[in-house]
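Q: Quick paste from TrEMBL:
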{"type": "COMPBIAS", "residues": "150-161", "note": "compositional bias 'Pro residues'"}
{"type": "DOMAIN", "residues": "26-127", "note": "domain 'Phytocyanin'"}
{"type": "REGION", "residues": "130-177", "note": "region 'Disordered'"}
{"type": "SIGNAL", "residues": "1-25", "note": "signal peptide"}
Amino acid sequence: MGSQRFVGFWLVIFLMGFLLGSSEAYQFHVGGRDGWVLNPSENYTLWAHRNRFQVNDTLLFKYKKGSDSVLVVIKDDYYSCNIKKPLQSLTDGDSIFKLDRSGPFYFISGSADNCNKGQRLITVVMSVRPKPKPTPVPQSPSPVGAAPPSSSPPSLPPSPADSPSDSPTAPAPAPAHSGCAGFTGLVELVLGASVGLSLILG
């Protein structure tokens, strides 16, 4: 029983670390151990397809300085291996490129011959998820038998029940949206998973 709780505890810690750490930027080593070379052990297209790139991640291109380079190019120049008009040229041998937006990025070797033989890379950066909008405060239900609301404003003054009151029974205003709401929801999710796990292991 004690060992099951111990396993459940570490599972919760792992989940929290994964969920909280997943928002941090990551550095990808292009080509793995091979680096930025003409014939890597894994094709660059396959390597890019098995990785998920997010905004603010970085790519590390390792190659022999002076014998190669990395060019950031537009789509047409990527497919034609045009090395004459790069958007950016990386030449220091340990080149780091920051993925600063969502969408595709195109990289080719500074050698047109190497590019034509396959030394090129496309990475597609996932879109940034928009921040959730605050949930609107629900309105109180209409009295039974009341007419449905019309598009034009009422001509009568509001009833005392609808007007503000200084009495202690008046509802408090809704709290402002807080940046901690996402973290609180995450903690509740992890704690709920922990309780569910302890019930299953039980």
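Each residue, glycine too, has its Cβ placed from N, Cα and C.
Just so you know, TrEMBL annotations are computer predictions that nobody has curated.
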Q: Over the span of the domain 'Phytocyanin' (26-127), count residues by DSSP class, listing helix, strand and coil in order.
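A: Helix, strand, coil within the domain 'Phytocyanin' (26-127): 17 helix, 36 strand, 49 coil.
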Q: Averaged across the domain 'Phytocyanin' (26-127), what pLDDT does the model get? Just tell me the whole number, please.
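A: On average, pLDDT over the domain 'Phytocyanin' (26-127) sits at 95.
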